[in-house]
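The following features are taken from TrEMBL:
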- D303: active site, proton acceptor (ACT_SITE)
- K20, R117, Q163, R334, R375, K401: phosphoenolpyruvate binding site (BINDING)
- K20, S21, R25, S161, S162, Q163, S189, D303, K330: 3-phosphoshikimate binding site (BINDING)
- 7-409: domain 'Enolpyruvate transferase' (DOMAIN)
Amino acid sequence: MQVVFQKSQVAGVINAPASKSFAQRVFACALLTKGVSVIERYTPCDDSERALEALTKMGAIVERQNERVVISVDRLTESEKTLNFGASATSMRIFTGVACVTPGIKVITGDPQLLKRPIKPLIQALKQLGAKIECENDHPPLTIYSSELHGGVVSLDVSISSQFSSALMICTTKAKGETLIQHTNIPSSKGYILITQEVLKLFGGKVYLDKDLKNISVIPSELKPVNYALEGDYSSAAYLLAAGAISGEVEVRNLNAKSLQPDRFIIEALRAMGCRVYIGGESVRVSQTTLEGYEFDVDECPDLAPILSVLGAYAKGRTKLTGITRLRYKESDRVSSIKQMLESIGVHVNVKDESIEILGGEVRGGVVHSNNDHRIALAAAVASCASKNPIQVIAFECYTKSYPQFLEHFSKLGAKFSIKG
């Protein structure tokens with residue numbers, strides 16, 4: 001799928017889609033209850049849908065009523081089953097833990113791209129706790145047998161992803177004894193660990209974190225069904241807000257002003273670049289302004305790096321992104337993908353070991369390959385808003401991984417584009 005985006009003035013109001021970070025964690029916890037959970041304000045994306053498919057295969061009954069998902073759990077199936085998580089690393093990692101504490105044998109797999117994503121630290125930690133997992137070279141596919149996790153002290157390397165912690169936090173609520181997760185290094189993207197704790201507390205889980213998140217204590221507990229409304233997704237909203245900053249005025253609703261989502265940082269970033277940002281209730285509004293270059297550490301919010309690089313392309317002076325190490329382990333080598341995207345549309349960029357420097361100015365337009373990375377595809381689309389010439393994005397179909405409503409929402413704001421094949 002190729003999409004050609006034209007220079008466009010954007011304006012309007014959009015309701016943010018549901019946060020997939022919250023959705024995937026809520027779905028996993030609902031599976032570990034007995035009873036009926038009702039989840040409101042759900043909007044589908046590929047990653048969240050893979051999680052729901054896993055619930056169904058494992059024996060939960062999933063019913064949909066518009067933006068409501070009803071999850072009923074009584075007795076989970078004991079037959080062997082294959083759980084295919086597509087391109088969703090979050091779901092794959094979280095359900096690797098869940099698979100250990102639910103009945104039957106599960107084979108965890110996904111798209112070729114997903115099978116290359118790191119998971120070794122999580123496998124090692126689960127095995128320390130008594131899990132039985134078979135795989136080759138510490139990569140999926142994984143064959144996981146139902147196990148009784150004994151709890152105790154477990155060491156975990158979180159230098160690559162905090163998702164390993166989230167997976168352990170959820171599954172060890174079913175361990176025989178208390179589990180103390182000791183991080184061997186300072187975790188990145190701490191906000192996602194806090195989200196996991198918040199979701200577990202919602203279900204009645206007992207999880208305690210120390211101040212710097214070096215140690216996490218999980219007390220075995222019976223998770224109980226919930227009625228819960230998902231908050232909007234700041235990761236998706238960031239593209240629309242950036243479009244408003246570049247070329248118009250955009251308001252995004254259904255955003256929790258006190259959200260734990262790391263990508264809420266987009267508000268601080270826009271303000272740092274001189275943008276006018278207005279927050280009222282559950283809405284955020286951004287108006288076009290002259291942007292100023294700035295330096296951002298993206299270690300806590302790596303998913304914002306592509307759209308921040310686009311904002312840097314339109315800013316006066318230099319914009320610098322630091323804390324980029326983990327970008328190399330995303331859906332693509334996102335450092336290389338950002339460089340390729342910006343150079344393809346005529347922007348000067350310099351990549352060093354620990355930083356990306358962007359010299360703002362004119363965005364010429366051109367042809368961008370998404371490298372099958374949804375964040376690159378969406379950022380390139382927004383870059384078209386004030387580009388001198390159109391921007392053609394090749395392999396744009398990957399955008400449904402996180403934001404399948406994007407083209408509809410972008411069009412509603414007035415963006416002009418055409419789809420080719």
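We number each residue from 1, going along the chain as drawn.
Positions of Cβ are set from backbone N, Cα and C atoms, glycine also.
Here the features listed in TrEMBL are painted onto the structure.
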residue	record	Cβ within 10 Å
K20	phosphoenolpyruvate binding site	27
R25	3-phosphoshikimate binding site	28
R117	phosphoenolpyruvate binding site	21
S162	3-phosphoshikimate binding site	26
Q163	phosphoenolpyruvate binding site	27
S189	3-phosphoshikimate binding site	24
D303	active site, proton acceptor	23
R334	phosphoenolpyruvate binding site	26
R375	phosphoenolpyruvate binding site	29
K401	phosphoenolpyruvate binding site	23
May I ask which residues of the same chain, at least 6 positions away in sequence, place their Cβ under 8 angstroms from the Cβ of K330 (3-phosphoshikimate binding site)? P302, D373, R375
Going by C-alpha distance, which of the recorded positions R117, Q163, D303, R334 is nearest to R25 (3-phosphoshikimate binding site)? Q163
Whole-number Å value for how far D303 (active site, proton acceptor) lies from K401 (phosphoenolpyruvate binding site) (Cα to Cα): 13
Across the whole of the domain 'Enolpyruvate transferase' (7-409), what does the mean pLDDT come to? Round it, please. 96
Distance [Cα-Cα, Å, rounded] between S189 (3-phosphoshikimate binding site) and K20 (phosphoenolpyruvate binding site): 15
